[in-house]
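Heads up, the thing below is written out as structure tokens.
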Amino acid sequence: MEGTDLLLAGVLFLFAAVVAVPLAARLGIGAVLGYLLAGIAIGPWGLGFISDVDEILHFSELGVVFLMFIIGLELNPAKLWQLRRSIFGVGAAQVLFSAVILGGLLMLTQFKWQAAVIGGIGLAMSSTAMALQLMRDKGMNRNESGQLGFSVLLFQDLAVIPALALVPLLAGSGDDHFDWMKVGMKVLAFVGMLIGGRYLLRPVFRFIAASGVREVFTAATLLLVLGSALFMDALGLSMALGTFIAGILLAESEYRHELEIAIDPFKGLLLGLFFISVGMALNLGVLYTHLLWVVVSVAVLVAVKTGVLYTLARIYGLRSSERMQFAGVLSQGGEFAFVLFSTAASQRLFQDDQMALLLVTVTLSMMTTPLLMKLIDKLLSRRFNQPDDEDEAPWVEDDKPQVIVVGFGRFGQVIGRLLMANKMRITVLERDISAVNLMRKYGYKVYYGDATQLELLRSAGAEAAESIIITCNEPEDTMKLVELCQQHFPHLHILARARGRVEAHELLQAGVTNFSRETFSSALELGRKALVSLGMHPHQAQRAQMHFRRLDMRMLRELMPVHSDTAQISRVREARRELEEIFQREMQQERRQFDGWDEFE
């Protein structure tokens with residue numbers, strides 16, 4: 001693809017994403033499905049703007065590569081050892097049982113047994129990119145079903161190596177066509193990467209960090225990710241697996257958080273590119289020609305994988321509600337099928353349109369997953385949000401909530417317990433199923449679902465409540481809820497959690513003045529204790545804390561309309577000088593009046 005064509009493709013990708021994803025979000029079908037539909041629209045079977053799908057699809061796998069690197073950073077060898085039962089137990093069982101069932105069904109549809117084996121293995125894999133994105137959207141990454149889902153995906157990535165090695169064996173039906181020397185070299189290169197990464201990465205990043213140039217650190221991070229991916233690709237292995245291992249090797253290093261920050265902006269955009277490319281790869285010609293076969297195949301694929309996953313989750317001990325989410329989120333075919341089926345086709349394992357039919361089935365199964373998850377959400381909402389006639393009478397006469405608490409993580413739990421202890425009537429909205437189950441046991445009135453949906457807010461009693469406390473993890477959800485409440489429930493007194501100064505500015509601009517930055521108060525309190533431990537009188541430390549809080553809040557309001565970095569830095573320096581002057585005056589006053597507490601305490 002030439003430079004001009006590549007630039008045009010980039011513009012088309014961005015345009016399609018900007019148009020399709022907001023429309024999909026407004027329709028409630030999710031960003032992932034929006035990306036897929038955008039890909040169909042601009043691909044060879046849509047408007048035909050882009051025809052070189054294979055090259056773009058290979059490039060777009062970088063989105064999955066960046067995602068797996070960040071996941072690797074969040075783990076460490078000790079955590080992986082803890083997950084060994086779920087990785088090599090549930091993960092291996094899922095691939096084995098799904099591959100056997102699906103491969104057997106393919107043999108019934110006139111696939112040769114060799115093609116059926118490869119087809120079964122490829123269809124048994126799930127989409128790492130889609131599943132992880134949906135798990136994050138649904139809050140599953142905070143509960144056991146999310147950890148189990150990640151374990152299954154990790155085993156599937158590990159299964160890439162033997163699956164690809166199996167293709168030439170099946171194609172040649174003997175050892176004559178199989179180069180054991182080449183396989184041995186690949187294994188040695190892989191082991192060399194592990195050993196080299198273990199002993200070289202930290203010193204290299206220590207040397208780069210010592211330069212103090214942030215751009216060089218970002219460049220080194222990109223070099224590591226892309227280099228690992230290229231190395232694994234040259235070995236004929238999974239690029240995502242290579243970057244995942246690189247992430248694990250750096251998971252316990254002091255540079256972990258800095259690496260996450262450097263990579264994060266690229267991850268989201270490239271993931272979107274991947275989903276658009278998958279949509280472009282959908283062969284609508286094959287779909288039209290074999291419509292009935294494809295529809296039945298998609299239904300069977302999703303049903304078989306859902307059944308296998310649900311059964312394994314039950315054996316593992318997940319609750320029924322978590323089983324449904326776990327089975328649904330991994331029910332689709334995955335991106336690895338594109339690689340495996342292409343390799344098999346190059347070895348002439350497939351006949352006629354067999355490969356095209358399998359790829360269309362995989363692509364359409366990926367498009368069904370967001371819809372299936374919405375259906376599961378509705379079923380769970382019905383189960384958890386309808387009144388239970390067998391419940392005991394509430395301990396307050398008026399059943400209408402005074403306060404709605406959105407999100408019941410560590411931040412929301414403290415607020416909820418304080419309100420309950422003071423006999424306030426609260427209703428909690430939470431999308432983590434395990435948290436909903438737990439809270440109901442302890443007598444909380446909880447609604448399961450996405451609080452940014454207007455109907456859920458109505459069901460929770462927003463029209464009768466006095467206040468709403470928003471403690472969402474994602475700032476986007478917080479701002480969407482603020483807008484929703486201001487538009488439909490203007491009487492509600494809005495209180496919100498801000499993760500930092502940027503979110504605080506956004507809340508102020510939206511007219512929300514009652515917010516709390518999640519680490520600010522606790523950091524101030526610890527700072528006060530530090531001053532006391534260093535010999536400062538408790539009275540003086542308390543006043544220092546008070547002045548700092550007051551000045552910081554004033555700065556927050558003053559800097560809200562300022563967008564220039566230079567202007568912000570200048571204002572921060574002025575504020576620091578002002579704070580020093582206040583502390584100097586306070587010290588002089590304390591020398592004159594050392595004891596006693598004033599009206600501010």
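For all residues, glycine too, the Cβ spot is worked out from N, Cα and C.
The transmembrane segment annotation in Swiss-Prot covers 5-25, 29-49, 55-75, 87-107, 115-135, 177-197, 207-227, 230-250, 261-281, 284-304, 326-346, 356-376 (among others). Annotation comment: Swiss-Prot describes 400-518 as domain 'RCK N-terminal', evidence class sequence analysis.
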Long-range neighbours of the transmembrane segment (230-250), counting only residues six or more past its ends (CB under 8 A): 61-62, 64-77, 80, 128, 154, 157-158, 160-161, 164, 186, 189-190, 193-194, 197-198, 201-202, 205, 224, 256, 259, 336, 339
Long-range Cβ neighbours of the transmembrane segment (261-281) (under 8 Å; 6 or more residues past either end): 13, 16-17, 21, 31-32, 35-44, 46, 50, 53, 56-57, 59-67, 69-70, 129-130, 133, 217-218, 221-222, 225, 335, 338, 359, 363, 366
The transmembrane segment (115-135) in contact with the transmembrane segment (5-25), cutoff 8 A, at least 3 CB pairs, sep 6+: no
When counting Cβ pairs under 8 Å to the transmembrane segment (29-49), the leader among 87-107, 284-304, 326-346, 356-376: 356-376
Recorded stretch that, among 284-304, 326-346, 356-376, has the most CB pairs under 8 Å to the transmembrane segment (87-107): 284-304
Outside the transmembrane segment (284-304), six or more residues from its ends: residues with CB under 8 Å to it: 40, 45-46, 98, 101-102, 105, 109, 123, 331-333, 353, 356-357, 360-362, 364-365, 368, 372
DSSP-derived helix, strand and coil totals, residue by residue, for the domain 'RCK N-terminal' (400-518): 50 helix, 26 strand, 43 coil
Segment confidence, the domain 'RCK N-terminal' (400-518), expressed as mean pLDDT: 84
